[in-house]
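Asker: Questions regarding the structure given below will be posed in turn.
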Ligand SMILES: [Zn+2]
C-alpha cells in the first residue's frame, strides 16, 4: 500500500499523454480492494502523494461489535500510513468518495496543509480551505507559537509544548516492571516508541499500542501511536493506528491477535484503556491486553 517515489515517477511518465485521471482511478480502485467494511459494505479508497514523492494508500476499516466511532476512515488510514513511513507532509490526496466532515477536520492537523490539494469523484484539486472554510484550527487551542507541531511535521516527539522533558523510550522502559514476560517487554518497548512518536498536542496524554499475532508474524512489532484532532472526536486511538499497521503488513483477521500492550501515563486525563479493552473483546477475544504505565 505504498508506491515508492521512483516507481510513481515512472507511472506518471507512462500516463503523461492526458490519461492522468485514469491513473488515479486505477490507484484508488487498487487501494479500495483492501478495505474492510463488514458493516456498510461501502469500500473507500484513497491515495496520497507525500512531499518525498512517494504515494500512500488508505482504506476504510469497520469493526463489528463496537460503536461506529471506532471506525478508521480511508483518509485517516492514509495519514497513518504516511506517518509510519516517516513522511513529512502530503501534497495531494485523491479519494473515491467525498471526504466526510470528520476527515476534513482530521486533515486540519497536517503539516503544510495549505499546500495540500484534495480531489474526489472528478472534482478539480481543492484546498482544505475550500472543503472546510472557517474551520476550528489547531491554533485556536494552542495559539500559533512554537509549541504548535503539526502532524507529519517530521519532528514528532511528545507532540506538544512541555514535551522536551519527557523521557526517551529506553529511559521510560527502565521504569517499567522488569518482571514482565520478555515477549511483553519487547512489545512494551515498541509501544513506548509509538507513544513517543504520537500526536497529542491538546491533551498531552501520549499513548501507544503494540501487538503480536503469533509466532508466524516476523519482523518489527506491529504498533501505532495515538493521533489527536483539535476537535477531539476525529482523534484516532493507538489501537486503531496499530490495526492500520497490521493491515499494511497484509493481515485482516483481527482474531489472530494474541498479545497487546497499551502504554499510557497512569494519571492521564485521556485514557485509552477502556476503549482498547472493549474493542479487543469484540474483534480479538483471545488477545491478552497488558496495560503498562511507564512512570
Ligand atoms: Zn471520513
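Backbone N, Cα and C define each Cβ position, glycine as well.
Here's the feature list from TrEMBL:
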DOMAIN    19-139  domain 'CMP/dCMP-type deaminase'
BINDING   60, 61, 62  substrate binding site
BINDING   73, 100, 103  Zn(2+) binding site
ACT_SITE  75  active site, proton donor
DOMAIN    182-295  domain 'CMP/dCMP-type deaminase'
Asker: Taking only the recorded positions 60, 61, 62, 75, which one has a CA atom nearest to the CA atom of residue 100 (Zn(2+) binding site)?
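Answerer: Considering only the listed recorded positions, the nearest one is 75.
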Asker: Can you tell me the CA-to-CA distance separating residue 75 (active site, proton donor) and residue 103 (Zn(2+) binding site), as a whole number of Å?
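Answerer: Rounded to the nearest whole number, the Cα-Cα distance is 6 Å.
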Asker: Using the centroid of the Cβ atoms of 60, 61, 62 as reference, list every other same-chain residue with Cβ within 8 Å of it (recorded substrate site), in sequence order.
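Answerer: These residues sit around the substrate site: 35, 36, 37, 39, 40, 44, 59, 63, 71, 72, 73.
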Asker: For a three-state summary based on DSSP, what are the helix, strand and coil counts in the domain 'CMP/dCMP-type deaminase' (19-139)?
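Answerer: With helix first, then strand, then coil, the domain 'CMP/dCMP-type deaminase' (19-139) has 45 helix, 26 strand, 50 coil.
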Asker: Around residue 100 (Zn(2+) binding site), how many other C-beta atoms are within 10 angstroms of its C-beta?
Answerer: 15
Asker: Of 60, 61, 62, the binding-site residues listed, which put a C-beta under 6 Å from ligand 1? Please answer none if none do.
Answerer: none
Asker: By a simple count of other Cβ atoms within 10 Å, which of 62, 75, the recorded positions in the record, is least packed?
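Answerer: Result for the recorded positions 62, 75: minimum number of other Cβ atoms within 10 Å at 62.
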Asker: Over the domain 'CMP/dCMP-type deaminase' (19-139), what is the model's average pLDDT?
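Answerer: Averaged over the domain 'CMP/dCMP-type deaminase' (19-139), the predicted model reaches a pLDDT of 95.
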Asker: Around residue 60 (substrate binding site), how many other CB atoms lie within 10 A of its CB?
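Answerer: Looking across every protein chain shown, the total is 25.
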Asker: Give the residue counts of the domain 'CMP/dCMP-type deaminase' (182-295) per reduced DSSP state, in the order helix, strand, coil.
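Answerer: Within the domain 'CMP/dCMP-type deaminase' (182-295) the tally stands at 40 helix, 24 strand, 50 coil.
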Asker: Can you grab the distance from residue 73 (Zn(2+) binding site) over to residue 60 (substrate binding site)? Cα atoms, rounded to a whole Å.
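Answerer: Distance (Cα to Cα, whole Å): 4 Å.
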Asker: Can you give me the Cα-Cα distance between residue 61 (substrate binding site) and residue 103 (Zn(2+) binding site) in Å, rounded to a whole number?
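Answerer: Approximately 14 Å lies between the Cα of residue 61 (substrate binding site) and that of residue 103 (Zn(2+) binding site).
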Asker: In angstrom units, rounded to an integer, how far apart are the Cα atoms of residue 103 (Zn(2+) binding site) and residue 60 (substrate binding site)?
Answerer: 12
